[in-house]
Amino acid sequence: DDSSDSKKLEENNELAEEGTTTTEQTKAEATADATTPPPPPPPPPTPPRPQLTPEEQEAKTRRTLADLDAILGIDEEEERKKKEEKEAREEARLASERPSSDSATTTTTSEKGAEEAGDGDDVQAVLNRIAERAREIGREDSELSDTERKEGKERLREEFDTVLNMIRDDAKVSTQDVRVFRDKVFNQSTFWITGSEANEDIEGGHVFRGNLRGDRKEVFASVSAKTKEIFDDKFAVFLVEQRDIDDAFSPRGPEEEPRVAFLVVPRERAVPPPTQGWQYVASVFLLGLTSVSAIQLGVVAQSAKVPREVLVFFSNPDNFASDVPLPDVVANFDPISLIAGALPIAGGVLAAQITGDITRRVVGASKGVAIGAPFTLPNAQLGTFGILTRTKTLVDNRADYFDIHAAAWVASFGVSLGLFIYGLLVSVGADPSDIESYIPTPAVLFRSSLLLGTISSALLPATATASAASASAGASLVFVHPAFIAGWCGLTTCALTGLPVGSLDGGKAVGAAWGQAALAATSLFSYLGLGLGFLGSSLSLPYGLLVIFTSRTPERVIRDTVSPPDGDSRSTLTGFIVVFSILTLLPAALSGSGGDFGL
């Protein structure tokens, strides 16, 4: 019993302790609730934002786009017209290609290649993103904060700058274009690419190096056609010789084919600029000036016919005063006869050069090549230094380029040679009673040309008729026909233009027939000959300066610069042009024992 009573007493004590603990926890919770502040009341509900009607939202979007167009300088009407024209051209092209399933497949491939290659599509995509971003800003303008609006405008400006950069880079071969050329233009059966790099000579160009996998001309034709198919007229392709460092130490043999590379250039950079209006005006002005210089040549050629008193009188500047009386010889002198006698010489000199220019244009037109405005170069000693022209379109190969410009030289040479031979033959059989219609020419003239002087001295009479004035001066005169003077000057002009330098006719012929390496070597010797006075005598300095300022750089219009012309005829003609030019411009040796000509 005592044990049961003690157990009950312990249970009662435990219950009392639990009750005390519960009471203390309740009091602590009540105290904490009394010290904790009550929670804040909930915020009042935000009044609903007024919703814009569809018309108001559309008007707001239009205002935003209009403001953006004003900032970017975009003309909506012009953009719409361009888009319509582009869609019309695309529909016409698809309609023309729709009848053939094969061509339709090719069209699809071309379009995909153009999408991967053309920067124009990238530009359009960015423009579309800009317009869409502008519409989003217009729709969300009322819901965006100032910071968000500013960030949106910054993104628009960045994308617009991207468009500008794409437009600026449109005149070059981009990275995407290079990828398309590697994947779609070149392949294992035509040209295996081993490397590519930006071209250093032509801005915006790109060089693809590799190994040919077929005939050079056939591969070039295939690559050109594929480029035209994918890119249309965006790029021009050139076949150039690939020079490696190893070739300098172990040159290729004459029988080995040269290594080639493909140079891709944006067409707007490759094609020479068209002839401007002011160039035609300058051409007409120079033609008039050259006509005057040719007439002056004819007058000077007849100076031996002018009385000595007239020459002495006009050589003194003081005699040009109005109060100086004219001597009877001067007063009775009629210069009309001199001018009339000068016209055949001037006409022959101009006819030779004009014939050459016309021939150049006719041959060029037959090959689809345009020639720029002719710039006739006047000269007092020869009447003219020739006609300077530029090729205005790309030429497919070296053979066509040679034919165009060599034909011009041959035509001028033919006319001049005909005048020279005719005048020489007539002068040999001259009738002494008709000697007044001939021109007394100083014998020293024939010493200015080794080739022409030798031919003239062999055919003309050994005795020269001398006037009293020339005899007293110790100079002999030879009476020759005016055609002989015109032919002599014309052949000398052909010799000057036939020098293998830069873009002269001789330089064009050498570069097309023998290659650029041969042109560089012959140009060096030509410059040395002109600079030292070995070629052209008194003409070397003015003509050398003219070449340096106008014709020292060869034209870069030949697309296939590697393949030489077929056959040996062009190479033989080039050799004749160079040899004739050198022999004509070399002065004759002054031995003093060669008769009246001093040969």
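Cβ atoms are placed via backbone N, Cα and C, with glycine included.
Note: TrEMBL annotation is automatic and uncurated.
Since we're looking at a predicted model, the values are computed, not measured.
What TrEMBL says about this one:
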type: COMPBIAS; residues: 1-11; note: compositional bias 'Basic and acidic residues'
type: COMPBIAS; residues: 18-35; note: compositional bias 'Low complexity'
type: COMPBIAS; residues: 36-51; note: compositional bias 'Pro residues'
type: COMPBIAS; residues: 57-66; note: compositional bias 'Basic and acidic residues'
type: COMPBIAS; residues: 79-100; note: compositional bias 'Basic and acidic residues'
type: COMPBIAS; residues: 101-110; note: compositional bias 'Low complexity'
type: REGION; residues: 1-124; note: region 'Disordered'
type: TRANSMEM; residues: 277-301; note: transmembrane segment
type: TRANSMEM; residues: 406-430; note: transmembrane segment
type: TRANSMEM; residues: 450-471; note: transmembrane segment
type: TRANSMEM; residues: 483-504; note: transmembrane segment
type: TRANSMEM; residues: 524-550; note: transmembrane segment
type: TRANSMEM; residues: 571-590; note: transmembrane segment
Result, the transmembrane segment (277-301) in contact with the transmembrane segment (406-430) (3+ CB pairs under 8 Å): no
Long-range neighbours of the transmembrane segment (277-301), counting only residues six or more past its ends (CB under 8 A): 338-339, 341-347, 349-350, 372-384, 439, 441, 482, 485, 489
Beyond the flanks of the transmembrane segment (524-550) by 6 or more, those residues with Cβ under 8 Å of it: 377, 379, 381-382, 385, 388, 448, 492, 496, 499-502, 504, 582, 585-587
